[in-house]
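Here's what Swiss-Prot has on this protein:
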BINDING   E94, E105, E108, M141  Fe cation 2 binding site
BINDING   E94, E97, E105, E108, E145  Fe cation 1 binding site
BINDING   E97, E105, E108  Fe cation 3 binding site
TOPO_DOM  1-28  topological domain 'Cytoplasmic'
TOPO_DOM  50-55  topological domain 'Vacuolar'
TOPO_DOM  77-162  topological domain 'Cytoplasmic'
TOPO_DOM  208-214  topological domain 'Cytoplasmic'
TOPO_DOM  236-245  topological domain 'Vacuolar'
TRANSMEM  29-49  transmembrane segment
TRANSMEM  56-76  transmembrane segment
TRANSMEM  163-183  transmembrane segment
TRANSMEM  187-207  transmembrane segment
TRANSMEM  215-235  transmembrane segment
Amino acid sequence: MGEVGESEKYLLNRHKEHHFTAGETVRDIIIGFSDGLTVPFALAAGLSGANASSSIILTAGIAEVAAGAISMGLGGYLAAKSEADHYTRELRREQEEIDTIPDTEAAEVAEILAEYGVEPHEYWPVVNSLRKNPKAWLDFMMKFELGLEKPNPRRALQSALTIAISYVLSGLIPLLPYMFIPIAQKAVVSSVIVTIFALLIFGFAKGYFTGNKPVWSALQTALIGAIASAAAFGMAKGCASSVFE
């Protein structure tokens, strides 16, 4: 395939684009933090509503954080591994089609370019050039026909660790007050304040990195966490009242 000319290289070097390229990592952090802040928070609030002691809430909360981190991390690993396996299967299938029905695949390249408004006299040289470079042809078909990018071979493990660590770090935040305040009914108030503040910060950061309105994202995230904890507290309080009546 041809190389970029000197004038094009000069223009590219003059203009360096700054795009955010860590989308997958941010997605994993969001998954881990959102569940890590919400689930242990709701559990601790629910147990507080059931009049459990701070030590019991702390023990149950840490157990949940450990189990949740393992479960979420494993889920992230399997999801990333499944994506990699899917890419490999499609890569083999596309390679087989290029080898067995090259004319049909070349016509598909022409069709793809035509959808971008490229005229026949303009895209046929491109098609013929790709046919001379099977590796580039295969890469073109994977990206533009199937919309698949080659996954990072370490992606599955990175996803698992990122989600699990994010879950642990965020899951311990709602439990911090129970480590220092022995009376659960007082600890839950501090837990609510600390966690809502953490949810606001997390929601703001999430909105900033995902291109949404940070303030709205912060309020939305905090509201969801507050509703989850209030529901858990209310249900536990109701169950405790009915059991001990």
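Keep in mind that glycine also has a Cβ here, set from the backbone N, Cα and C atoms.
Neighbour density around each Cβ, counted as other Cβ atoms within 10 Å, peaks among the binding-site residues E97, E105, E108, E145 at E105. Candidate binding-site residues: E105, E108, M141. Nearest to E97 (Fe cation 1 binding site) by Cα distance: E105. Between the alpha carbons (Cα) of E105 (Fe cation 2 binding site) and E145 (Fe cation 1 binding site) lies a span of roughly 10 Å. Remote same-chain residues near the transmembrane segment (56-76) are listed as 28, 31-32, 35-36, 39-40, 43-44, 47-48, 156, 159-165, 167-168, 171-172, 174-175, 178-179, 184, 187 (criterion: CB distance under 8 Å, separation of at least six residues from the stretch ends). As a whole-number mean, the pLDDT of the topological domain 'Vacuolar' (236-245) in this prediction is 58.
Residues near E94 (Fe cation 2 binding site) in space but far in sequence (CB under 8 A, at least 6 apart, same chain), listed by position: L138, M141, M142, E145, L146. Annotation note: E97 (Fe cation 1 binding site) sits in a helical segment as assigned by DSSP. M141 (Fe cation 2 binding site) counts 22 other C-beta atoms within 10 Å of its own C-beta, drawing on all protein chains shown.
In the three-state DSSP classification, E108 (Fe cation 2 binding site) falls within a helix. Apart from E97, E105, E108, the Fe cation 3 site neighbourhood in this chain, defined by C-beta within 8 angstroms of the site C-beta centre, holds E94, I98, I101, P102, T104, A106, A107, V109, M141, E145.
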